[in-house]
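What follows is a set of notes on a single structure, which appears directly below.
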Protein chains: 2
Amino acid sequence: MLISTSATVPASCRVLAAELPHHVGRQVTVQGWLHRRRVLKSVAFLILRDRSGLAQVVVAEPDVMSAVGDHPEETVLQVTGTVTANPQAPGGAEVTSPEVVALSGPAVAPPFDLYRPTVPATLPTVLDHAPVALRHPQLRAPHAISAASLAGFRTALDSLGFTEIHTPKVVASATESGANVFAIDWFGTRAYLAQSPQFFKQAMVGVFERVYEIGPVFRAEPHDTARHLAQYTSLDAELGFITDHRDVMAVLREVLAGMTAAVADRAGEACALLDVKLPEVPRQIPEIHFAEAQELLAEHTGEDPRGEPDLAPAHERWLSEWALREHGSEFLFVTGYPMVKRPFYTHPEPGRPEHSNSFDLLFRGLELVTGGQRLHRYEDYLAALAARGESPEPYAGYLAAFRHGMPPHGGFAIGLERWTTRLTEADNIRRATLFPRDLHRLTP
Amino acid sequence: MLISTSATVPASCRVLAAELPHHVGRQVTVQGWLHRRRVLKSVAFLILRDRSGLAQVVVAEPDVMSAVGDHPEETVLQVTGTVTANPQAPGGAEVTSPEVVALSGPAVAPPFDLYRPTVPATLPTVLDHAPVALRHPQLRAPHAISAASLAGFRTALDSLGFTEIHTPKVVASATESGANVFAIDWFGTRAYLAQSPQFFKQAMVGVFERVYEIGPVFRAEPHDTARHLAQYTSLDAELGFITDHRDVMAVLREVLAGMTAAVADRAGEACALLDVKLPEVPRQIPEIHFAEAQELLAEHTGEDPRGEPDLAPAHERWLSEWALREHGSEFLFVTGYPMVKRPFYTHPEPGRPEHSNSFDLLFRGLELVTGGQRLHRYEDYLAALAARGESPEPYAGYLAAFRHGMPPHGGFAIGLERWTTRLTEADNIRRATLFPRDLHRLTP
């Protein structure tokens, strides 16, 4: 009996599709999904998909062929056969003389053909059917890049003496900014989903000096755009005993280099599939002060943004192009943003207090990271809140750390999905999000 | 001027306390918190605390001594001086002839003395003042152990071909179990905080085969005990193409070995501080079937638990002791739990369908991990839900993956805080949680 519906071969004997070329001449077992099936007159070709890639199985035996005809695409198969060299097969080897076992079958066909090289479906269809749509190699690839990026983020920070933390996602008051919070019923009390781990990571500088957190943050922004998510994964870092924001920028440079290297190292195939061009992270990322940037824009663009408290998207693009042209860098730090556009915990620029010791990192024309030096003295916090007309009361928990002595410190946050979207040049951030949550989407 | 309030020495020249012995005879800068200050007649001893440990600074210069007298404990200091060998100093070296700069000062004294070897405060005091209390080396230590454990978890799974994922924490329906969910206002719609990433990680088996997620989960359990949290950090893994739950247990064994090794490697000092005895993870963790375990208990304990669907805490303790006595292992797998006590997605035991292909891992007398094989066929899910009298409607998103062909798979979840609590033998899980959230606690 060559076809059966129960698995008996232990999984430990399994060989992955990508490993087949190393097993030519041997009997092996491969397992995966039936990606594509072509049944010809006297031979059938099965393309099996597993986590490593695709494997070709050649069926010439009549009884196996007829049984294989019953299995639609996405059937989960276990195939035992001989590895045979064939330059035309993926990886240069295929499985011949196979015994084929169906481990389970699909109840319905996928909403679109998963085996086509590019995705023959609109984004809403992809998102509605994420559990099966993400199996398409092109739709899976951004998530392999995200996973690799996370590994690079951690490796870089671990080597710099950072400690990983996990902090509450439910808070008593909306602290980062008053609006755009999700309210929650917490045992009968009103609470909120955390918009960032900002205050916790700052407090933890007092404990571990250098900390990072990778976790979800929640923004109740009622924007239905290609770049807004209501939940995203924030890569947060914070470090103490800095001189100013430049020490934070130096750490961020190492992080970006680590993330890029990890993507090249761990997600090469995903990059190839999406034709990703990884950026070079210069030893020293060029930087320009906000005021200088405005001068430059006034001089060269025919517009005069001086006096504006922020950069327009078109100006960010222009500055990115300028950095590439003048410094050969796809990254550009813009420093010294006006205090009026920065949160209350931002450290002002010494000698120029309308500017701040903060920065944005532009990457390929868009802002990718925001960071800077924070206030560290208790009295400075009280003054900053008073200047904004805010009472220190709701911030009591946050301010506690600063009442007990805190070093000069700063940090940054990278949105994982935004990073992956930029790397893959995707048209919508939802393509870099496993199961997006937004204004309209709570499922799947 | 030897004392000033502004920092001028760049942080890059900084040496950590633990590195001092390598710098004897050299001029260095150390930075940290004034942990303890002893001012004698003609000499003052400053103990400086940084992320690496403690450093002793000896002040003999009269003008520095008098200035140092103004700085209370927890002042943030920068000290530049000469490293001098002294067998009585921590690490065998101290800083002499120092220049001392205060980077910032505390506004109030800590709620208890941070410099005492053991914590002179009750747990509520510690939790109320977490931002400063966690600076105490003994209170900080569990969190260093947690961070190291996470690194070990990931290293083990990365080497086994797992992919890291991040999934939604807000869901449209309460799926894991009907009760104990937090409701949330999602742009005017009622939604819930996710109790586990169970359904997402299973769906992702269809995409990456082997996945893990480290993230927050939320349980609205109204229990005010030493082991309940309303938010905890769940370490979830799920893998496809298994034969049965034993393949999951084999992966879990590697994970536990990786976590233990990483704690030894990366958190040795924290372990020493808390007198942690790390367990040995046997090559093969002993296992016993639930039915056999009940036989054993009936035979040896004078009680007869046969017929009960679960193990009583006393019985878990007895079995743990038995495993240690008979097999020399602090870990014991109990397999084959009755289906009635397991979630609907649990795979039954072939040939004994009232039992399941599931397991609990007991560690030092308590359940540490739950896991098992899941159903993988769509029709089996429909039957399982029907048998429980549940409609498949609310599970449509979850079931989508199974309609499209899924391999035999299974997984497990480890509660990070529970793991650290057991390792450190803490009296309350809140000691292993940075900023606990529970029935009564939403701050700090």
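Here the Cβ of each residue, glycine as well, is placed from N, Cα and C on the backbone.
Annotation source TrEMBL lists site 'Important for tRNA non-discrimination' at A:Pro90. Look at TrEMBL and you will find A:153-436 tagged as domain 'Aminoacyl-transfer RNA synthetases class-II family profile'. Annotation source TrEMBL lists L-aspartate binding site at A:Glu176, A:Arg219, A:Thr370, A:Arg374. What TrEMBL lists as region 'Aspartate' is A:198-201. What TrEMBL lists as ATP binding site is A:Arg219, A:Ala220, A:Glu221, A:Arg227, A:His228, A:Leu229, A:Glu367, A:Gly415, A:Leu416, A:Glu417, A:Arg418.
This view paints the features noted in TrEMBL onto the structure.
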residue: A:Pro90; record: site 'Important for tRNA non-discrimination'; Cβ neighbours (10 Å): 17
residue: A:Arg219; record: L-aspartate binding site; Cβ neighbours (10 Å): 20
residue: A:Glu221; record: ATP binding site; Cβ neighbours (10 Å): 16
residue: A:His228; record: ATP binding site; Cβ neighbours (10 Å): 16
residue: A:Glu367; record: ATP binding site; Cβ neighbours (10 Å): 15
residue: A:Thr370; record: L-aspartate binding site; Cβ neighbours (10 Å): 16
residue: A:Arg374; record: L-aspartate binding site; Cβ neighbours (10 Å): 29
residue: A:Leu416; record: ATP binding site; Cβ neighbours (10 Å): 21
residue: A:Arg418; record: ATP binding site; Cβ neighbours (10 Å): 20
Maximum Cα-Cα separation in Å among residues A:Arg219, A:Ala220, A:Glu221, A:Arg227, A:His228, A:Leu229, A:Glu367, A:Gly415, A:Leu416, A:Glu417, A:Arg418, which the record lists as binding ATP: 20
Nearest of the recorded positions (A:Pro90, A:His228, A:Glu367, A:Leu416, A:Arg418) to A:Arg219 (L-aspartate binding site), judged by Cα-Cα distance: A:His228
Alpha-carbon spacing, A:Glu367 (ATP binding site) to A:Arg374 (L-aspartate binding site), which is rounded to whole Å: 20
Assigned conformation of A:Arg374 (L-aspartate binding site) - DSSP reduced to three states: strand
Candidate recorded positions A:Pro90, A:Thr370, A:Arg374, pick with smallest Cα gap to A:Glu221 (ATP binding site): A:Thr370
Cross-chain proximity of binding-site residues to B (CB under 8 Å), evaluated over A:Glu221, A:Thr370, A:Arg374, A:Leu416: A:Leu416
Spatially closest candidate among A:Pro90, A:Thr370, A:Arg374, the listed recorded positions, to A:His228 (ATP binding site) (Cα to Cα): A:Thr370
Helix-strand-coil residue split for the region 'Aspartate' (A:198-201), DSSP-based: 4 helix, 0 strand, 0 coil
Cα-to-Cα gap, A:Thr370 (L-aspartate binding site) vs A:Leu416 (ATP binding site), nearest whole Å: 13
Reduced DSSP assignment, A:Pro90 (site 'Important for tRNA non-discrimination'): helix
Cα separation, A:Pro90 (site 'Important for tRNA non-discrimination') to A:Arg418 (ATP binding site) (Å, whole number): 33
